[in-house]
Each structure stands twice: as structure tokens, then as C-alpha cells.
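Remarks on the structure that follows.
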Amino acid sequence: QTCASRCPRPCNAGLCCSIYGYCGSGNAYCGAGNCRCQCRG
């Protein structure tokens, strides 16, 4: 699921949008420096 053009809330609940434009969970998507939007606080 791509998300870069649909920020700020592009992904399903519980997922983050990575700087590479994909939704996912974990540090690769949600971590500092990796997350573009809809990041976990």
C-alpha cells in the first residue's frame, strides 16, 4: 500500500507511512528518520 501522496492519514489504523512511500509497522516505517507521516507518537 503506497502512501506518500496521501499524507497526513494515508494508512490503515496502526500503520505508519515510511519515507519510501509505503505503509507498514515497525522501526523501518515508524522509527525516527524513517517515518514520513501518520507516525506513532
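The backbone N, Cα and C atoms fix where each Cβ goes, and this holds for glycine too.
As annotated by Swiss-Prot, pyrrolidone carboxylic acid applies to Gln1, with the evidence given as experimental evidence. Around the Cβ of Gln1 (pyrrolidone carboxylic acid), 12 further Cβ atoms fall within 10 Å across all displayed protein chains. The DSSP secondary structure for Gln1 (pyrrolidone carboxylic acid) is coil.
Summarising the annotation, Swiss-Prot assigns disulfide bond to Cys3-Cys17 (among others) and lists sequence analysis as the type of evidence. For Cys3 (disulfide bond), the same-chain residues lying six or more positions away in sequence with a CB closer than 8 A to its CB are Pro10, Cys11, Cys17, Ser18, Gly21, Tyr22, Cys23, Arg36, Cys37, Gln38.
Summarising the annotation, Swiss-Prot assigns domain 'Chitin-binding type-1' to 4-41 and lists sequence analysis as the type of evidence.
Following the DSSP three-state reduction, the secondary structure of Cys7 (disulfide bond) is coil. Neighbour density for Cys7 (disulfide bond): within 10 A of its CB lie 13 other CB atoms from the protein chains shown. Sequence annotations record features per position, and here Swiss-Prot assigns disulfide bond to Cys7-Cys37 (among others).
The disulfide bond feature in Swiss-Prot is assigned to Cys11-Cys23 (among others). Secondary structure from DSSP puts Cys23 (disulfide bond) in a beta strand.
Annotation for Cys30 (disulfide bond): spatial neighbours Cys16, Gly24, Cys39, Arg40, criterion Cβ-Cβ under 8 Å with sequence separation of six or more. The disulfide bond annotation in Swiss-Prot covers Cys16-Cys30 (among others) and rests on sequence analysis.
Look at Cys35 (disulfide bond): DSSP puts it in a strand. The disulfide bond feature in Swiss-Prot is assigned to Cys35-Cys39 (among others); the stated evidence is sequence analysis.
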